[in-house]
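Visitor: Below is one structure. I have some questions about it.
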Amino acid sequence: MSILLTQDTRIIVQGITGNQGRFHTRQMLAFGSRVVGGISPTKSGQMVEGVPVFDTVRQAVDATKADASIVFVPAPYAKDAAFEALENGIRLLVMIPEHIPVQDSIDIVARAKALGATVIGPNTFGIISPGEHTKMGIMPNHIYQPGPIGVVARSGTLSYEIAFSLTNAQLGQSTVVGMGGDPVVGQTFITVLEHFRQDPDTKAVVMVGEIGGSAEEEAAEYLETLGKPVVAYLAGRAAPAGKRMGHAGAIIERGRGTLESKEQALRAHGAEVVTMPWQVAEAVRSVMS
Amino acid sequence: MKQYEYLAKGTLKAYGIPIPPGQLVRTPEDGAEAVATIGPAALKAQVLVGGRGKAGGIRFAQTPEEGRRVAQDMLGMDLKGYTVELLYAESKLAIERELYISVTTDRNAKKPLVMASLAGGMEIEDVADDQIVKAYVDPAVGVLPYFGREVAAALGLEGTIFKEFADLVVKLYQIYREKDAELVEINPLAVVDGHLVAADARLNLDDSALYRHKDVTVVDEGSALERKVHEIGLAYVELDGDIAVMANGAGMAMATLDAIQHFGGRPANFLDAGGGASVGPTAEALGVLVSMHPKAILVNIFGGITRCDDVASAILQVKQTTGIPVPLVVRLVGTNEKEGVALLKAAGIEAYSEMAEAAEQAVRLAKEAM
């Protein structure tokens, strides 16, 4: 089983004729994702990897009954693409681009909330449900395997590192969700954990966080409601205050967003907090036994 | 990106928010001229460091002659590692009371947040929660005049100040939206002669939105080395250790620093070579690390979109041009791992597959190099 994304999810790719869109459409199809269409204005009638291309989301939705979209357009055009998807009935929206202006993200997230749609990202690697053989994202296909562990992460490569270590320890994943590295993103740890709570096949959850903001602190209190074991690993112990560590959102500002306060809050509410990424799999094994 | 105070003030003025009379000072003569024009003045160093006043970055001058002398003293001075090249002279205010107002983005609520307080003049973090009025903005609605009046009323303001404050909230939100600000803050918001004046201002802009603000003066607050790496388009932060680090992805790069610290080493930098970097930029980034003369270099790659053979090629390229005269530890797993590891092996470099072992080895080699 999985959360948010299943084999029935019908996916379109906005920006399918670009390099990224094309490459990842192929990868998604190889993993088993039901990619039913792509969008690229003035390119309708073309095929990309056997997938029909449309000029508008409306045409694609009419022709394919798509209900989810993954966006690969450059950041300055991302707000337009997101609104086009939302206004045409897309209810699961994965925003891959980095460097989308925060004001645009605020508008996208607010509109999605009003329409009851789910936004993953921006600046995310996406979402993958190995047991359902489907993904919407840019993560490598070979590092996942089906299983009972839910993973929610802020960062891409670090989550790959951890997912692969779980796979190597025979701890498969139900769904892996990338929230995104920007200051304003569609999901919080709490919204994703709530989905994991409702999924009977998710038996334990791994949280991969980092410095900046207070998403981890906010999530801590929710862990008791979750009622499933949680292992947390957070990056940024060695990060100085006031410096952006790559992600726009990874910054300790005016004394807020430190690792210490996050780890303390998570521990206080029952999470098993490990300090190095290679300790995650062992900790998951122990909380599950 | 933070803006210098004089630029922030210029933006406020353009939106009709009152600021004290002021002018830029680049030479001692400018200092004399400024005081002659605006009267007794505060001369403020235009640097982007916190605690400027306490560090000696704000001084006062009563007469033109004093203005010259103070400017002479301040120009070229070192302020927390930054050389002062520009001063902003501003009319000294007879402040009756100090308020606080800001608009920022609340990351958890995912909405703009207006914060206001009667306790201005100190950092808002030091003000007790019950003395701060917080009002979230629905971005689809924006800030209409009634919203400003509600905030002014919640503060308990009356009369002229009530009206001026309500109007200020609307204008500040306009700046926040139209300039793509992360933060626009007036602190203190002074009452002078019964009217509001922006005595100090902070304006932080969203780097990701600079493409649509061609008129903005871009200020890179980084060190010389940081600025150099930022120019190649990579995220880079200088640290004070001696083990140089390159990793792919921001999270991985942070985790790699943590791992070095875990084994008792000290990282020299944060460098995210990108989630899918190709040979060229990777080699360029590694070249920068070599030029820093660290005690050791640790390259930590989990190839997802990044291909291990590309990374290996980049390493070999740099080895050919610079010889890489310091110990190099490479951890390489993921896409095209076999090809990458074979390439390195042929050049006499053994790649690690475990992050922990690689980090531990880098720390060991750095210690031996001392």
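Just so you know, glycine gets a Cβ as well, placed from its N, Cα and C.
Since this is a predicted model, take the numbers as computed values, not measurements.
Okay, these came from TrEMBL:
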- A:H247: active site, tele-phosphohistidine intermediate (ACT_SITE)
- A:T17, A:G18, A:N19, A:Q20, A:K43: CoA binding site (BINDING)
- A:Y160: substrate binding site (BINDING)
- A:4-100: domain 'CoA-binding' (DOMAIN)
Visitor: In sequence order, which residues at least six apart in the same chain have a CB under 8 Å from the CB of A:Y160 (substrate binding site)?
Guide: A:F125, A:M139, A:P140, A:I143
Visitor: If you pair up every Cα among A:T17, A:G18, A:N19, A:Q20, A:K43, the residues annotated as binding CoA, what's the maximum separation in angstrom, rounded to an integer?
Guide: 16
Visitor: Take the mean position of the Cβ atoms of A:T17, A:G18, A:N19, A:Q20, A:K43, the recorded CoA site. Which other residues of that chain put their Cβ within 8 Å of it?
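Guide: Neighbours within 8 Å of the Cβ centroid, excluding A:T17, A:G18, A:N19, A:Q20, A:K43: A:G15, A:I16, A:G21, A:R22, A:S40, A:V48, A:F72.
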Visitor: Which recorded positions (A:T17, A:G18, A:N19, A:K43, A:Y160, A:H247) come close to chain B, taking a Cβ gap under 8 Å as close?
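Guide: Near chain B, the qualifying recorded positions are A:Y160, A:H247.
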Visitor: Out of A:T17, A:N19, A:Q20, which of the binding-site residues has the smallest number of neighbouring Cβ atoms within 10 Å?
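Guide: Per-residue Cβ counts within 10 Å for the binding-site residues A:T17, A:N19, A:Q20 bottom out at A:N19.
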Visitor: Take the C-alpha atoms of A:G18 (CoA binding site) and A:H247 (active site, tele-phosphohistidine intermediate) and report the distance between them in angstrom, rounded.
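Guide: Cα-Cα, rounded: 24 Å.
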Visitor: Helix, strand or coil for A:N19 (CoA binding site)? Use DSSP.
Guide: helix
Visitor: For the domain 'CoA-binding' (A:4-100), provide the mean pLDDT of the predicted model.
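Guide: The average pLDDT of the model in the domain 'CoA-binding' (A:4-100) works out to 97.
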Visitor: Within 10 Å of its Cβ, which one of these recorded positions (A:K43, A:H247) has the largest number of other Cβ atoms?
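Guide: Going through A:K43, A:H247 one by one, the largest Cβ count within 10 Å is at A:H247.
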Visitor: For the domain 'CoA-binding' (A:4-100), DSSP counts of helix, strand and coil?
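Guide: Per DSSP, the residues of the domain 'CoA-binding' (A:4-100) fall into 34 helix, 23 strand, 40 coil.
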Visitor: Between A:N19 (CoA binding site) and A:H247 (active site, tele-phosphohistidine intermediate), how far is it from one CA atom to the other, in Å?
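Guide: Distance (Cα to Cα, whole Å): 23 Å.
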Visitor: C-alpha of A:H247 (active site, tele-phosphohistidine intermediate) to C-alpha of A:K43 (CoA binding site): distance in Å?
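Guide: For A:H247 (active site, tele-phosphohistidine intermediate) versus A:K43 (CoA binding site), the Cα atoms are 33 Å apart.
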Visitor: Would you count the other C-beta atoms found within 10 angstroms of the C-beta of A:G18 (CoA binding site) for me?
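Guide: Its Cβ shell of radius 10 Å holds 16 other Cβ atoms.
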